[in-house]
Amino acid sequence: MRISGYFENNIEVLFLALVICINCIRVVLSLGETTAILYGLYLLCLIFLIAKYKNSFQRVLNTDGTVRKFMLFIILILIYASFSLLWIPSDAVFSIYLKFVLSFGISIWTVAMPIEKIKRTLNSIIVINVVYALILILFPNIADKALGSGLNYLNATLPLGLALTMTLIKSLNAISKKGGRVIMSVLWIAISALYFVALVGFMARGVLLFPPIISLLIFLFMKNGRRYVTWLLVPLFLGVLYLFFIYYLENAHDYATSRMLNLLESTEEEDRWELWSKALSEIKNRLWFIVGGGIEAFRYDSAIHFYPHNIFIQIIGEYGLLGIIISAMTLWHVSKGFIQSRILANQMHESDVFYCVTGAFAYYTLTFCKSFSLYDGLPLFIMIAFCLSVFGKFRKLNRMLPTDSKFFNT
């Protein structure tokens, strides 16, 4: 009874975690790039979020100006995307538009989630990816079958990279914060190692590089509550990363290791600059940086037929000045919220959530700057909403230390 009650009380958490980890389901079930299950999960997730937070959502809008701006940005983008359907008529584009609407619907409703529910969502993502990693390691043919059915290896590894980012951050936070348990840091490192072993079987590089870089950068902002212990264990953390790298070189496919070692070399095969240059040239020549080309303009324009593999270039090209302003404002509000809330977060027991949502936002932003389309951006949109929600709740404390943990459940 308790288990069923727990799931009933957290049904929206489960569906939100499943939506973020949709590619785990695709790989395990060998579904390829099918959208039927994706749309179904999106819709169910949105329904459960609305049912759960229909009362608190209005309260959040009334009290948080940043959230109101976020909602306004979404409405403006969707209005422009709707109008662009008039000059880019295509069944495929309408399908993408529908996914875009559902994605923004989910992300805007997540701002009403309390910090405790956000924490459970992040932990659910970690658990789902533990199961996913074990399946990939124990049954390697499953990944081969999924990739053979048309699923891109970047999609297959995207959720693992998110989970790896969060577990590395949790391990460093457990080391540094006063009262943190070293045994928990060891546990998070062990889970990170599991993710890493699962990722070695793929050709991806960013998913291996971004998590440790992000976690180490975020570590610089953590309050060092145990200075001597921290500076003793951080070299150990770096040593573990080095062992991961050696393991990768010895066990990954030769093609993957050569791509990793040649990361800084500029070749047409390795480097995205040529693709970005072509996209920017089209934006300039067509004046898309002013008016925008409309939803999926890059891919469905008869003279282009590609998307730029950079979310910011895509936003500028398809939404013009509107996209530029909204992108800049979103980055500004997330960065400002992080800076304003950091000191207070370091004094709270929920600092894990604060740093994990920040790291997740950074991970998806970097990943979408080198791969993926804007219209696959639901995980990024959710992390933006999580950041705004968490930072907003910290701001409400007005730099005062919490005296009642119930704050995190309201």
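For all residues, glycine too, the Cβ spot is worked out from N, Cα and C.
Note that the coordinates shown come from a computational prediction; the quantities given were computed from them, not determined experimentally.
Taken from TrEMBL as is:
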- 191-326: domain 'O-antigen ligase-related' (DOMAIN)
- 12-29: transmembrane segment (TRANSMEM)
- 35-51: transmembrane segment (TRANSMEM)
- 71-88: transmembrane segment (TRANSMEM)
- 94-115: transmembrane segment (TRANSMEM)
- 122-139: transmembrane segment (TRANSMEM)
- 151-169: transmembrane segment (TRANSMEM)
- 181-198: transmembrane segment (TRANSMEM)
- 204-222: transmembrane segment (TRANSMEM)
- 229-249: transmembrane segment (TRANSMEM)
- 311-332: transmembrane segment (TRANSMEM)
- 352-368: transmembrane segment (TRANSMEM)
- 374-392: transmembrane segment (TRANSMEM)
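Counting only same-chain residues 6+ beyond the ends of the transmembrane segment (374-392), those with a CB under 8 A from a CB of the stretch are 16, 19-20, 42, 60, 64, 66-67, 70, 96, 99-100, 102-104, 106-108, 110-113, 115, 118, 121, 158-159, 162, 295-296, 311, 314-315, 318, 330, 333-334, 337-338, 340-341, 353-354, 357-358, 360-361, 364-365, 368. Sequence-distant contacts of the transmembrane segment (352-368) (same chain, six or more residues past either end, CB-CB distance under 8 Å): 115, 118-119, 122, 158, 161-162, 165-166, 169-170, 173, 206-207, 210-211, 214-215, 217-218, 221-222, 310-311, 334, 338, 341-342, 345, 374, 377, 379-380, 383-384, 386-387, 390, 394. Sequence-distant residue pairs (6 or more apart) of the transmembrane segment (122-139) and the transmembrane segment (71-88) include fewer than 3 whose Cβ atoms are under 8 Å, leaving the two stretches without contact. Contacts between the transmembrane segment (311-332) and the transmembrane segment (71-88): present, as 3 or more C-beta pairs lie under 8 angstroms, all at sequence separation of six or more. Here the transmembrane segment (35-51) has Cβ contacts under 8 Å with residues 11-12, 15-16, 18-19, 22, 25-26, 95, 98-99, 102-103, 105-106, 109-110, 112-113, 378 of the same chain, all six or more residues outside its ends. Long-range contacts of the transmembrane segment (71-88) within its own chain (CB-CB distance under 8 A, at least 6 residues past either end) are made by residues 61, 94, 97, 100-101, 104, 107-108, 292-297, 300, 318-319, 322-323, 326, 329-330.
Same-chain residues lying 6+ beyond the ends of the transmembrane segment (181-198) with a Cβ under 8 Å from its Cβ atoms: 126, 129-130, 132-134, 136-137, 160, 163-164, 167-168, 170-172, 174-175, 208, 229, 233, 237, 240, 244, 247-248. Mean model confidence for the domain 'O-antigen ligase-related' (191-326) is a pLDDT of 79.
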